[in-house]
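Visitor: This is the structure I want to talk about, given as structure tokens.
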Amino acid sequence: MGATPPVFHPSLQMYRPPHPHQIQALQISTVPRRRPRQPYIRSEGRFRLSMPQGNLPFVCFKLLCFRLGDVESPLHLLKNEMEKEGCLPNVVTYNTLIDAHCKSNKIDDAFKMFTEMALKGLKPNLITYNVIINGLCREGRMKETNEVLQEMSWKGFIPDEVTYNTLVNGHCKDGNFHQALVLHAEMVRNGLTPNVITYTSLINSMCKAGNMNRAIEFFDQMHVRGLRPNERTYTTLINGFCQRGLLNKAFWVLNEMVRNGFSPSLVTYNALINGHCMLEG
């Protein structure tokens with residue numbers, strides 16, 4: 001493998017390095033996800049950045065590896081290079097790694113990192129817990145989210161909008177509509193606002209349960225809260241009405257969908273065709 005290319009453009013190397021917090025705030029958004037890995041690692045497994053030594057280059061590299069969908073490289077770097085160079089990982093580092101594991105559907109590995117984090121004397125923050133909860137929801141392990149919520153409470157953390165939205169979506173996908181409704185009510189009672197994705201999940205759940213009146217209630221709530229339904233929201237509602245044979249209401253939603261600038265998708269048209277077929281019997 002050839003020489004390791006610098007992460008920053010050579011023309012930037014003449015300038016004074018920015019403050020670490022400025023770099024940490026920089027989102028490495030120019031690297032497309034799942035792009036084949038570039039030769040940022042030398043053959044002997046060591047990593048070099050055109051930056052001063054410190055914890056920050058490793059954090060940036062983790063973000064880069066995350067963008068590339070690479071989990072193993074930052075793990076190797078964490079366990080070997082960082083500690084070898086005397087750079088102790090911080091909460092941001094671990095949160096990045098835990099999130100990468102969760103998004104790779106490796107929640108058990110994420111929990112190992114969570115445990116290691118505590119053993120190193122680092123305290124998880126609300127972001128850490130939200131990432132873990134999201135990982136559990138992605139894998140349908142909803143019962144375990146209760147244990148995480150309990151630990152959050154013991155540590156003095158209060159669930160925020162991200163926590164609730166993640167849990168409501170998770171329970172909807174798991175088919176536990178009752179718990180999703182309970183959490184939604186608790187969320188609103190605590191002054192937090194569900195997002196468009198959460199409302200769409202609730203509408204979809206009510207459609208599956210055949211409760212179209214409740215589905216319309218959630219649809220109306222979105223407008224009251226100033227949330228703009230997206231294409232999936234409209235299509236979900238259209239499909240729900242079609243499944244019940246209520247084509248007039250389905251077309252009412254379709255008209256509103258078009259009026260608000262959305263073009264019906266293939267899924268939308270399929271729902272309408274299926275609805276007509278059901279009526280034709």
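Backbone N, Cα and C atoms are what each Cβ position is placed from, and that goes for glycine too.
Note that the structure is predicted; figures quoted are calculated from it, not measured.
Per TrEMBL, repeat 'PPR' is recorded for 90-124, 125-159, 160-194, 195-229, 230-264.
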Visitor: Just give the helix, strand and coil counts over the repeat 'PPR' (195-229), going by DSSP.
Guide: 26 helix, 0 strand, 9 coil
Visitor: Who are the long-range neighbours of the repeat 'PPR' (230-264) in its own chain, taking Cβ under 8 Å and residues 6 or more past its ends?
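Guide: Sequence-remote neighbours of the repeat 'PPR' (230-264) are 196, 199-200, 203-204, 206-208, 210, 212, 215-216, 219, 222, 271-272, 274-276, 278-279.
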Visitor: Can you tell me which parts of the same chain pack against the repeat 'PPR' (125-159), counting only residues 6+ beyond its ends and a CB-CB cutoff under 8 A?
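Guide: The answer is 91, 94-95, 98-99, 101-103, 105, 107, 110-111, 114, 117, 166-167, 169-171, 173-174, 176, 179.
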